[in-house]
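**Student:** Before we start, here is the structure in question, set down as structure tokens.
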Amino acid sequence: MNRFVVAEPLWCTGCNTCLAACSDVHKTQGLQQHPRLALAKTSTITAPVVCHHCEEAPCLQVCPVNAISQRDDAIQLNESLCIGCKLCAVVCPFGAISASGSRPVNAHAQYVFQAEGSLKDGEENAPTQHALLRWEPGVQTVAVKCDLCDFLPEGPACVRACPNQALRLITGDSLQRQMKEKQRLAASWFANGGEDPLSLTQEQR
């Protein structure tokens with residue numbers, strides 16, 4: 001099975017530490033510094049949104065240039081191959097892939113930037129607020145998604161940075177251990193006076 005990071009909304013305080021850690025570690029590696037996870041907020045909870053590294057990943061299936069592949073028990077994106085078509089972001093069921101525009105493009109001489117006063121008058125279009133439709137002349141859009149910090153032997157930076165342990169890396173072995181522990185809790189449910197295993201505190205889990 002693929003590895004992935006799971007988020008626990010009940011423990012998340014929305015401090016943005018995970019986003020900062022993700023951005024910093026990728027910038028250090030010379031990759032897009034846009035965070036590989038997002039923070040979704042409602043009136044009651046704050047939850048990190050992270051790539052699930054799906055077994056039958058739709059993003060992998062739609063990429064026209066094979067920039068997305070399955071390797072090392074994860075779904076990985078090769079930024080150097082990405083053409084910025086954004087199909088992967090459109091089909092992701094979790095909204096875990098975003099578009100970043102921080103890599104300059106070497107434009108042909110005839111397309112070099114002109115001063116604003118030299119441009120022909122024309123109808124102005126209001127800038128879009130939709131992240132997938134935004135663009136900037138002279139900058140190439142590149143998709144960014146969680147790579148589980150595969151360049152770090154210690155694993156994802158977001159998991160290690162979270163002060164509340166709201167993020168955890170799930171592997172095949174750890175999933176098996178958790179399943180066995182939850183089976184044990186379920187079996188002892190009646191013996192414990194009917195206490196719901198899902199109501200256990202973080203320490204008890």
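Any Cβ shown, glycine's included, is placed from N, Cα and C.
This is the feature table in Swiss-Prot:
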| type | residues | note |
| --- | --- | --- |
| BINDING | CYS12, CYS15, CYS18, CYS162 | [4Fe-4S] cluster 1 binding site |
| BINDING | CYS22, CYS146, CYS149, CYS158 | [4Fe-4S] cluster 2 binding site |
| BINDING | CYS51, CYS54, CYS59, CYS92 | [4Fe-4S] cluster 3 binding site |
| BINDING | CYS63, CYS82, CYS85, CYS88 | [4Fe-4S] cluster 4 binding site |
| DOMAIN | 2-31 | domain '4Fe-4S ferredoxin-type 1' |
| DOMAIN | 41-72 | domain '4Fe-4S ferredoxin-type 2' |
| DOMAIN | 73-102 | domain '4Fe-4S ferredoxin-type 3' |
| DOMAIN | 140-172 | domain '4Fe-4S ferredoxin-type 4' |
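Are these features on the surface or tucked inside, and what are their neighbours?
**Tutor:** In the shown protein chains, 20 other C-beta atoms lie within 10 A of the C-beta of CYS12 ([4Fe-4S] cluster 1 binding site).
DSSP classifies CYS149 ([4Fe-4S] cluster 2 binding site) as coil under the three-state reduction. The 10 Å shell around the Cβ of CYS149 ([4Fe-4S] cluster 2 binding site) contains 22 further Cβ atoms across the protein chains shown.
Mapped onto three states, the DSSP output places CYS92 ([4Fe-4S] cluster 3 binding site) in coil. Around CYS92 ([4Fe-4S] cluster 3 binding site), a 10 Å sphere centred on its CB holds 20 further CB atoms from the protein chains shown.
All chains included, 22 other C-beta atoms sit within 10 angstroms of the C-beta of CYS63 ([4Fe-4S] cluster 4 binding site).
A Cβ distance under 8 Å defines the sequence-distant neighbours of the domain '4Fe-4S ferredoxin-type 1' (2-31), meaning residues of its chain 6+ beyond its ends; these are 37-39, 41, 45-55, 70, 73-75, 79, 146, 148-149, 151-152, 156-172, 202.
Each residue of the domain '4Fe-4S ferredoxin-type 2' (41-72) gets a DSSP state, and the totals for helix, strand and coil are 5 helix, 9 strand, 18 coil.
If you look at the domain '4Fe-4S ferredoxin-type 3' (73-102), the same-chain residues 6 or more away from its ends with a CB under 8 A from one of its CBs are 1-4, 31-34, 37-38, 49-54, 57-67, 131-132, 134-136, 139-148, 150, 171-172.
Looking at the domain '4Fe-4S ferredoxin-type 4' (140-172) alone, the prediction's average pLDDT is 93.
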**Student:** CYS54 ([4Fe-4S] cluster 3 binding site): which of the binding-site residues CYS12, CYS15, CYS18, CYS63, CYS158 is the nearest Cα neighbour?
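**Tutor:** If we rank CYS12, CYS15, CYS18, CYS63, CYS158 by Cα distance to CYS54 ([4Fe-4S] cluster 3 binding site), first place goes to CYS63.
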**Student:** Least buried of the binding-site residues CYS18, CYS54, CYS146, CYS158, CYS162, going by other Cβ atoms within 10 Å?
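**Tutor:** Result for the binding-site residues CYS18, CYS54, CYS146, CYS158, CYS162: minimum number of other Cβ atoms within 10 Å at CYS54.
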**Student:** Is any of the binding-site residues CYS51, CYS59, CYS146, CYS158, CYS162 within 10 Å of CYS88 ([4Fe-4S] cluster 4 binding site) (Cα-Cα), and if so, which, in sequence order?
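**Tutor:** Of everything listed, what lies within 10 Å of CYS88 ([4Fe-4S] cluster 4 binding site) (Cα to Cα) is CYS59.
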**Student:** Identify, in sequence order, the residues in the chain of CYS15 ([4Fe-4S] cluster 1 binding site) that are 6 or more apart from it along the sequence and have a CB within less than 8 Å of its CB; answer 'none' if there are none.
**Tutor:** PRO163
